[in-house]
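K.L.:
First the structure, then my questions, so here it is.
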Amino acid sequence: MDRSGYFPVLDEDIPTKSELRLPLESKTSSRSRRWLHLVLVLQSVLIISLLASLHILGNRQPSNITCAKQLSPYSPYLEDGDLELEEFTELNHLMQPSPYRGQPTPEIEEAWVRLWRDYAHVSTRYGDDMLGFLNVFHQLHCLNLVRQYTYRDDYDYSNVTAFRAPQELVRGHIDHCIETIRKSIMCASDVTPVVFQLDDSRKSGFKSDFNMRRTCRNFDKIQDWAVANAVQGDFEKNMASSCTLSTPREKEKT
């Protein structure tokens with residue numbers, strides 16, 4: 001064999017195994033880096049989306065109904081009604097005129113009757129024999145009864161069922177109503193600040209300002225809902241009998 005065309009190969013001219021693997025490993029490493037970058041980008045997008053969602057949820061204002069349900073036991077009104085809040089400046093100085101205050105007249109008595117009379121409610125969810133009413137109307141009934149009791153010597157309330165009972169029961173009814181109003185006030189615990197105003201005409205030099213900002217539930221809507229769900233028939237007539245309008249008592253001639 002002619003060996004003239006051959007020449008010796010030096011050791012450094014022979015590629016090592018690692019050098020033979022280098023192109024393949026380089027491609028694999030490049031692919032891995034691309035996947036790593038993609039994973040990091042997706043992870044960043046996911047974290048940003050999660051933080052944005054938490055921010056939106058954390059700053060979203062709950063509805064009036066949602067808030068009310070946190071502060072009240074079950075009520076059919078909170079399931080069916082539209083709880084609307086009203087913000088206004090209340091006029092309530094010491095001698096503020098009102099259709100509900102002052103010496104009893106047929107007009108004042110009628111105004112009070114309209115506040116609470118048609119409150120009976122039947123819930124068809126539990127069958128036709130489930131009867132009840134919203135507590136606000138019981139509270140108004142109690143306040144009205146205490147008001148009438150303070151004027152019982154000046155006005156003829158003989159047609160009011162509560163006053164036809166024995167005096168012990170009448171007194172018990174009044175005390176029950178006072179307790180009901182006390183508990184209601186303490187339960188609500190209105191924390192609206194009442195500020196003082198300078199008033200040189202007063203000995204103390206100041207007076208309380210009861211004309212304050214208020215945020216209240218829309219009572220008209222609550223009343224409309226109660227009337228729309230009121231029981232009709234004899235029951236309503238029997239309930240209404242306890243608030244029959246009276247007439248001013250005639251003073252005895254001497």
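Counting starts with 1 at the first residue shown.
Each Cβ is built from the backbone N, Cα and C atoms, and glycine gets one as well.
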K.L.:
Tell me which range among 138-142, 153-157, 178-182 Swiss-Prot lists as motif 'HXXHC 1'.
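P.N.:
Result: 138-142 is the stretch Swiss-Prot calls motif 'HXXHC 1'.
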K.L.:
If I go by Swiss-Prot, the feature motif 'HXXHC 2' sits on one of 73-77, 113-117, 173-177. Which?
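P.N.:
Spelled out, Swiss-Prot records motif 'HXXHC 2' over residues 173-177, not the other listed ranges.
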K.L.:
Please average pLDDT over the motif 'HXXHC 1' (138-142) for the predicted structure.
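P.N.:
The average pLDDT of the model in the motif 'HXXHC 1' (138-142) works out to 95.
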K.L.:
Tell me the residue counts in helix, strand and coil for the motif 'HXXHC 2' (173-177), as DSSP assigns them.
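P.N.:
Going through the motif 'HXXHC 2' (173-177) residue by residue, I get 5 helix, 0 strand, 0 coil.
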K.L.:
Mind tallying the motif 'HXXHC 1' (138-142) by DSSP state, helix then strand then coil?
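P.N.:
Here the numbers are 5 helix, 0 strand, 0 coil.
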K.L.:
Between the Cα atoms of N159 (N-linked glycosylation site) and N64 (N-linked glycosylation site), what distance do you get, rounded to the nearest Å?
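P.N.:
About 41 Å separate the Cα atoms of these two residues.
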